[in-house]
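Undergrad: One structure, pasted below without further comment.
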Amino acid sequence: MAPATDRARWQWLAAGRALRRLVLVVVFVALLLDNMLLTVVVPIVPTFLYTTEYEATNSSAAPAPPALKVPPFSSVFSYFDNTTVTVPGSTITPELVTGTESSRPPQPPASSPPPPSGCPEGEEFLANENVRVGLLFASKALVQLVVNPSVGLLTNRIGYHTPMFVGFIIMFLSTLMFAFSGSYTLLFIARALQGIGSSFSSVAGMGMLASVYTDDIERGNAMGIALGGLALGLLIGAPFGSVMYEFVGKSSPFLVLAFLALLDGVLQLCILQPSKISPESTKGTPVFTLLRDPYILVAAGALCFSNMGVAMLEPTLPIWMMQTMCSPKWQLGMAFLPASVSYLVGTNLFGILGTKMGRWLCSLVGMAVVGVSLLCVPLARDIYGLIGPNGGLGFAIGMVDSSMMPIMGYLVDLRHTSAYGNVYAIADVAFCMGFAIGPSTGGAIVRAVGFPWLMIVIGVINIAYAPLCWYLRNPPAKEEKIAILSQECPMQTKSYTAQKNLRDFPLTDDSDVEAENAE
């Protein structure tokens, strides 16, 4: 009876591995956890550094004048009868010694309570903290920027399964390090380590989806759902971090994320078989060849500049709220809630509508709305004034992301070889450039010219870049490119066929044997 039960269990697991939807679930969960960790630190790090560094340094400032020590028996001259009286005692104040006790007015207490507004002190410290927090947040993207090309080449050689699992292990270690780090240096290292894990997870995950969903419409829908996991992570991360930090403690949100990461690792072990090596059957187009494609560069630029706006907000908006709105800790994360909710709606909505409206048009409109929303952020006077600008910002970035990620795979199928590791490494590099340049330069710009001018600069850049998305309206195929170079009439076609016979699903045990028999 037991062998039959075990056989049925393994047959169920093998049948489950043959479902494309399970791969979509794995990628969804991986992106969810990655972006929860990305944003959970946003409200925690500024206030944690302020508490541990500024308040700890200034807590012992200006002590009250000490009492004067006197011998056990002291001589005090009495002006009443011009005699000297010996009295027992251990301490007297300077006023008693000089006889000026009655002539001095009552002194205020040495430490006065904080002002009713609750605004943090230390304007100079907060100004410098903009730069430090920006560099800490940018460290993840900088490391990810360096690692991404290597991960793209690795996926072409060994497949997507093993890099996905390596990404989980590194993310788990980074989460534990965040939980128990008590200094700026350790937090910086943990953030950089997260960049390595995120590079493995995102490049391998999006490449896996592109290889499984070969139809352009299905691919767009699947990537819209996967980006919904990214959006849900952004949605939950900042509010979850601020509430847990305020009422439970700094380590609590990271320990919860570490537990969820363990569950994700078990899910990957059951579905992806990370010990299995499944290299691409077709040699992928080199990264440098893809980088010379102007259409891929336009798509990557749209991803970079649209996400650079929210990347600049992450380190600077909480500090600006502390200075101008005197916001408590829990509001620093809640300010990003409208952007996260609208991003979740935008990615799921335009993953489907993008194929009907035209993905180029969705991206063009989305970048324009990103620019206008950023221009409106400095007009807010309280947290409720941020709802409209942040909501529009998240919805517009969802339009751009859910349109550009399928376009990257479509351009590779149309103009290059249908191997997706390198092109999604470029897409992730575009994300990372936005999240590296944004926080690292945003803090310095705020310190130099102020937060409102920072929003004006990045908003105008997005509005100016938006018309370039028009060039993605009808990109030429590889045959059309040859015809143009030969001065022949190009074919006007909007459809394409894959350049190789792709397997329905690359994760089953018999898929490699079937592919060899087909050859």
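Cβ atoms are placed via backbone N, Cα and C, with glycine included.
Because TrEMBL annotations are produced automatically, they should be read as predictions rather than curated entries.
Residues or ranges marked as transmembrane segment by TrEMBL: 21-45, 133-154, 166-190, 196-213, 225-248, 254-274, 295-313, 333-353, 360-380, 392-412, 419-438, 450-472. Taken from TrEMBL, the feature domain 'Major facilitator superfamily (MFS) profile' covers 67-477. Residues annotated as region 'Disordered' in TrEMBL: 90-122. Here TrEMBL flags 105-118 as compositional bias 'Pro residues'.
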Undergrad: At a C-beta cut-off of under 8 Å, are there same-chain residues at least 6 beyond the transmembrane segment (333-353) that contact it? List them, or none.
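TA: Same-chain residues near the transmembrane segment (333-353) but 6 or more away: 39, 42-43, 220-221, 223-225, 227-228, 230-232, 234-243, 310, 313-314, 317-318, 321, 327, 362, 366, 383, 386-388, 390-399, 401-403, 406.
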Undergrad: Report the listed stretch (166-190, 225-248, 254-274, 360-380) having the maximum count of Cβ pairs within less than 8 Å of the transmembrane segment (295-313).
TA: 360-380
Undergrad: Quick check for me: are there 3+ Cβ pairs below 8 Å between the transmembrane segment (360-380) and the transmembrane segment (392-412), leaving out pairs under 6 residues apart?
TA: yes
Undergrad: On the 0 to 100 scale, where does the mean pLDDT of the domain 'Major facilitator superfamily (MFS) profile' (67-477) fall?
TA: 79
Undergrad: Given the cut-off of 8 Å on Cβ pairs that are 6 or more apart in sequence, determine whether the transmembrane segment (133-154) and the transmembrane segment (254-274) share at least 3 such pairs.
TA: no
